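A.B. asks: Dropping a structure here in structure tokens format, bear with me for questions.
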Amino acid sequence: MVEAQSWTTRRMSNPRFDAAATAAPVVVDIPGTPPHSSASSTGKAFFLSSPNVSPAVLTAAIIAAWFGSNIGVLLLNKYLLFYYGFRYPIFLTMTHMLSCAAYSSAVINIAGIVPRQHILSRRQFFKILSLSAIFCLSVVCGNTSLRYIPVSFNQAIGATTPFFTAVFSFLITCKTESTEVYLALLPVVSGIVLASNSEPSFHLFGFLICVASTAGRALKSVVQGIILTSESEKLHSMNLLLYMAPMAACILLPFTLYIEGNVLRVLIEKARTDPLIIFLLAGNATVAYLVNLTNFLVTKHTSALTLQVLGNGKAAVAAGVSVLIFRNPVTVMGIAGFGVTIMGVVLYSEARKRSKLLNQK
């Protein structure tokens, strides 16, 4: 296991940085592309359909970029907030949101990947604002959890999102699933119980706050399906990110000032002695946006189901890579528990697909 090093021992600089802080990869949980929304056919985004690249090669490159950005932002967050010693996860999350807002504006207004959609009413604005608030709560909880538990365990807990989605769907909308779907959730829960009991670095508060983060992510998806039901209010995933990102940044700003009030002063002091921190923050924020962009591209060139399958695989790959790089201890039972959870998620996805087909008949 790689021991955490303080800023003083690693960089011989400002001791205010606490090497104990880590953060989860910040990913805006955006919905799949609505059926009525499609990418612009004006040719502005030529890289999406280059005639010189075969569709198979282009799809493979997009999937590789998706894996690279998802795992890359995780590793960058881990390095920046744990080994580099930058202990301001809320501020880091806010830079991600500002980056998403800036890049989304350029991609939509200049590159024209998707048509620009506008917020049509004050009611729609407050609906999107409420989604942004739930999203911020989920991210902050996730960032906080990784101060106490390893990345691999965080990924295992995050894989239980379908369980919380089913719970909130029933509690809020009284929507019930088939018996097969509920049975598929049993390995999802039992796997994480097994992993928790055998986790060498288990921390109760870190575990609970990570569960809260996972529940928040599921709550957002359920609430989004409720409040953005009107065809006139539905937004393309990239447009939703365009509006949610600046709202999320505004929500995070007062928390940053209250909890991490000295971040700007310390950041300026750091930049004077080590300009690398500026490049790390800028690169980290850029990769955070690429996660969302590649989510859209994978869905566009394959399907939403493919993205879901890749998400299941990403959790396992990210956990494995983090263990290899950061050397946090794991046990055979912990790995088995994670595997059971992933298997349950796959079974849940298949059961839901069959249930939808039966309902359509």
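Each Cβ is built from the backbone N, Cα and C atoms, and glycine gets one as well.
Automated prediction, rather than curation, is the source of TrEMBL annotations.
What TrEMBL records for 60-349 is domain 'Sugar phosphate transporter'. The feature transmembrane segment is assigned by TrEMBL to 56-76, 88-113, 125-146, 152-172, 179-196, 240-257, 277-298, 332-351.
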A.B. asks: At a C-beta cut-off of under 8 Å, are there same-chain residues at least 6 beyond the transmembrane segment (240-257) that contact it? List them, or none.
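C.D. replies: That would be 28, 30-31, 88, 90-91, 93-94, 97-98, 100-101, 104-105, 108, 119, 128-129, 131-133, 135-136, 140, 263, 292.
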A.B. asks: Hey, which of 125-146, 179-196, 277-298, 332-351 has the most Cβ-Cβ pairs under 8 Å against the transmembrane segment (88-113)?
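C.D. replies: Of the candidates 125-146, 179-196, 277-298, 332-351, 277-298 scores highest.
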A.B. asks: Considering only Cβ pairs within less than 8 angstroms, which of the stretches 125-146, 152-172, 277-298, 332-351 has the most against the transmembrane segment (179-196)?
C.D. replies: 332-351
